[in-house]
């Protein structure tokens, strides 16, 4: 038997360890981001001499000003916003409709379609670049934002569909049946009753897809050749090649590029866990 | 309001038949209860009327119009679900007006209809709330209100009370009955609870294994069950069953139990001497005879359950448990012998093979329907 | 509306033929309905993923070199024969196993620990949750560049820390040491991948009914016993599926390696996926790259089927 004092001590030790480990995870997660920030505000002349100091003796916003005013970065940034936003939007619509069908209907060929979607998750995507280029080029969709949006949407639909399906599985069938009896067709019931209830799930999916599209480099690099259609990751690489490697400017651009993705992610990460839980409860 | 005719309706999922040819005529304004254990097909039948399940073959018509091909939205029926299925993102008023707005009903009409129904159901104070902020009983009322506002041709209820606690369920039972008397709406009500069926129905449809076992008024079903299933499913405490052999001579007949005990019954022209029989007697139709005034058989007292108003005495007869319901408070010791007598007019005999009831001489067959 | 017409012309039940037709049309539209819902996704996936895949597989049997105008001919199994004797490819296979299971082990273990920590209520939990999930939102090549930077002794703190911890004698860049270089991308990958496991496992943890733990503690189970008798069995399905999907995903995930080491030094960090990239976009030999990709796809499919078969065998053995 443990005495009350003993158990209080154990509790303290437990929570002490708990907070210590939490702190370790937070530090591990944030330190690289901190380093990114640090490099971006370090003046070029002391970048190497004070390379390993935790904080430089002088800081500067020059890198940021350069990136915002002298480079193509704002343009790349806009391209990325358009591509990621559209990809997230279209992926969510398609995944919602498909996920709903997976959740509610039994139909011939369903297993094949599900298997197809699972298998697409195994593709070494590198292998698809040349064939996709071959298919898109005659349609005038290479070197265009539209082409990127189509490709990204296709890549993200399978995972987003399974995610959306788990959200729909958590919503009782009775609701759309009641709506159908009240005077909706099934599709109207889906749109007016079921979809509004999955808003948290849709937010999570949006965030997921947005960050994925925001980060994508390979296809953006290979399918787009002109400056005017380049997205931000490609632009960031141009810092590496064009100006020698100007790390300060590159890191500044990187920090700026992190902002929308992180903001989006911070907003939706709560729904992500909630949404996945709702799906998991139903099994 | 309208009548509902179901003609030879079948339902199968692939090779599995869930409903085997249902025939049922529901009169205009009638309150019909479909009752049976889970998996008997009662909910499937209701959902076929609603249009939520396809009809594999046969016809269902409402008000003389075959509605097999119609979408649920075009059938002009309202349904109350077991889960209530209230739209969580709409207020009570919005839930209730949803169907009317879809039908493009004028705003003033919608408002007055909702006010009216909310008044009847006591929901006035809750109209702006979301379903989340309501108690179980209140949600149930909103679900009812949503159905009533529409003034549909027929109401369908899918176990609407099974999520409520016992007291509330009892209260809602009477309330639904009163509403029905007031609205006079054709209603089909599905439940697995035989008390709900007995207390609410104009006519009960007892179902088992996808087959209608019997259709009749509650008392017809209770007093003259068509077969062992109906006899055992309806009534609480349940009917006692004992196995024996039928013997008749002249206008007298009796069942000989396994241990030789003889119990007199009404003779049946459908039974033959030596036929294997299951004898059925409701607990209230067996009497404890302590003064030797009637011929009786001897049994062992196992347990006595006093319930205030009544007493339930458990005995063994021919090695089988038998329950006896009595309003008296008999002075019996557990383990002692007690003389019991079966009320001959109320004791049923069933063929053990077919499980159908064998009718006594003067009873017409009109409630039979299989 | 033909549905309404059908009804209007047959107010009596006896009018069978019309009824049959109506049933037929409603049934057909009912059967077609699911396909309306899935068709946009299906068209997109077939056009943008399946067709390119088939085209890509056909490249594996052809001589496709971008800068060679005489290429394009059919070469049969030649690429695969070359592959059998390509020591760089065989090395890449071994590296892929290291890369995949090294990353996966730490991502999963640390992700599980993090999920367990976040599953308790504590002050500031929501903020912590948002912060520790953040690495996932960082574009992968940016985190690759950043980690490469941090491993550099001139501008990064990590080598100096390792010296102070006594792991290293003098600060040097592990990315340029063939024996250690793989750990660079693996660490970056762990950093990037912990949130995925934490989010998925946390969601699974939160769906375990609380009564189970109450019942177990009434039965006298201590925390450790509860963990092994309730938590782990409940998480098992989620763990199995996420581990399988992630294994495949990581094996295909070349971005960090391409950005941080380009497969070097001396091919010591070359995994199959990055080798495909090198063949395709540095040597512009798409035929050979496709052949490698085809082999990788087959290996991953075999792995997935093996895992599924194993799981099925195990669940059958249980019942």
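Every residue gets a Cβ built from N, Cα and C, even glycine.
Per TrEMBL, the feature domain 'ABC transmembrane type-1' maps to A:77-268.
Sequence annotations record features per position, and here TrEMBL assigns transmembrane segment to A:12-37 (among others). With a cut-off of 8 Å between Cβ atoms, the residues of this chain six or more beyond the transmembrane segment (A:12-37) that come close are 251, 254-255, 258.
TrEMBL lists A:76-102 (among others) with the feature transmembrane segment.
Taken from TrEMBL, the feature transmembrane segment covers A:111-133 (among others).
According to TrEMBL, the transmembrane segment annotation covers A:145-168 (among others).
Long-range neighbours of the transmembrane segment (A:189-211) within the same chain, counting only residues 6 or more positions beyond its ends whose Cβ lies under 8 Å from a Cβ of the stretch, are 84-85, 87-89, 91-92, 95-96, 100, 152, 156, 159-160, 163-164, 166-168, 171, 175-176, 178-180, 261, 264-265, 267-269, 271-272, 274-276, 278. TrEMBL lists A:189-211 (among others) with the feature transmembrane segment.
Look at TrEMBL and you will find A:252-273 (among others) tagged as transmembrane segment. Distant neighbours of the transmembrane segment (A:252-273): 33, 36-37, 40-41, 63-64, 66-68, 71, 73, 77, 80-81, 200-201, 203-204, 206-208, 210-211, 214-215, 232-233, 235-236, 239; these residues of the same chain sit at least 6 beyond its ends, with a Cβ under 8 Å from one of its Cβ atoms.
Here the transmembrane segment (A:145-168) has long-range neighbours at 79, 82-83, 86-87, 90-92, 94-96, 98-100, 102-104, 117-118, 120-121, 125, 132, 136, 139, 194, 198, 200-202, 204-205, 208-209, 212-213, 216, 219-220, 223-224, 229, 231, 275-276, 278-280, 282, meaning same-chain residues at least 6 beyond its ends whose C-beta is under 8 angstroms from one of its own.
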